[in-house]
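Participant: Pulled from TrEMBL, these are the listed features:
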BINDING   33-40, 150-153, VAL179, 187-190  ATP binding site
ACT_SITE  HIS40  active site, proton donor
BINDING   GLN64, GLN156  (R)-pantoate binding site
BINDING   GLN64  beta-alanine binding site
Amino acid sequence: MSGMKRIQSPRSMQELGLEWRRQGICVGLVPTMGYWHEGHLSLMRWAREHCDLLVASIFVNPTQFGPGEDLENYPSDIERDSALAAECGVDVLFTPYKAEMYLPGHGTWVNVPELTKNLCGRSRPGHFQGVATVVCKLFNLVQPTFAAFGEKDWQQVAVIRKMTRELDIPVRVEGRPIVREADGLAMSSRNVYLTAEERAVAPHIQKGLCLLEGMVRAGERDCGALRKAVRDYYAAWIPSGVLDYLELVDPETIETVDHVHSDFLAAVALRLGKARLIDNKRINLEK
Ligand code: PAF
């Protein structure tokens, strides 16, 4: 394909996707809500190397936002994102019309209840139903061979993987490592909400997880003690932050573990001013 094409009609996207599938073309998809940062770009660069045709989608999906969340203010800069897409070698930028993604009376939802009782599923009821539904629709429209997602949203990747497997959707789900700022803050479109003071303390979110890893590697196995140490660390270093959750979970089932296994995930969500920031660290004691 020469030059980047922008498609806004879901039906036109699907016609093209089906044609690519018929021709056996390997299509990579990077689904996003726009306002790209280096995390998104690294997904695109990685996908670019593994497919014949690369599609990036931008859709601020209303059904994954709860009442009072930031749907109305979600940052957006489509001109900038389009230029970045072209630089990353995106072939098709899919920016579907909202009214055509959800027709009046839309009432079909995808739910993955086992994986969404904990962490963000608990704090943001309905969020993962919106995510699973829109990703299922994007998969049906784009017909990709694989789709790449960032592991900052670890629970999201687990949900999408399970949905894809259990609904027999012929798409490979690829989770890619978290991309961080030089000071360790996980990249997020929502970092733009931080004031200078909040931005200065935000890297302590990851540092708390590193402290936890250090304690585990030094032999601490008591989850209560580990969580208390990190909570105390956050209280000292991010006093204006409000901890939403700090959990030690099984990386696949997302269930809380009561004693440290050889392989687990430490996951955190913390509100800092207008931003709700999430981060996680997989700790594998065999590695
Ligand atoms: O991670 C995101 O940006 C969104 O949740 C996604 C996967 C694009 C679905 O709207």
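Here the Cβ of each residue, glycine as well, is placed from N, Cα and C on the backbone.
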Participant: Roughly how many Å separate the Cα of MET33 (ATP binding site) from that of GLN64 ((R)-pantoate binding site), to the nearest whole number?
Facilitator: 11
Participant: For the recorded positions MET33, GLY39, HIS40, GLU151, VAL179, which residues place their CB under 6 A from an atom of ligand 1?
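Facilitator: The recorded positions passing the 6 Å Cβ test are MET33.
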Participant: Given the recorded positions HIS40, GLN64, GLN156, find the one whose Cα is closest in space to the Cα of SER189 (ATP binding site).
Facilitator: HIS40
Participant: Looking at the binding-site residues GLN64, GLU151, GLN156, VAL179, which ones sit with their CA no more than 10 Å from the CA of HIS40 (active site, proton donor)?
Facilitator: VAL179
Participant: Using DSSP, would you call GLN156 ((R)-pantoate binding site) helix, strand or coil?
Facilitator: helix
Participant: Return only the integer: C-alpha distance in Å from GLN156 ((R)-pantoate binding site) to GLY39 (ATP binding site).
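Facilitator: Rounded to the nearest whole number, the Cα-Cα distance is 15 Å.
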Participant: Just how many other Cβ atoms lie inside 10 Å of the Cβ on GLY39 (ATP binding site)?
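Facilitator: 20, counting other Cβ atoms within 10 Å of GLY39 (ATP binding site).
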Participant: Same chain only, sequence gap of 6 or more: which residues have a CB within under 8 Å of the CB of VAL179 (ATP binding site)?
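Facilitator: In sequence order, the residues whose Cβ lies under 8 Å from that of VAL179 (ATP binding site) (at least 6 apart) are HIS37, GLU38, GLY39, SER42, GLY150, ALA186, MET187.
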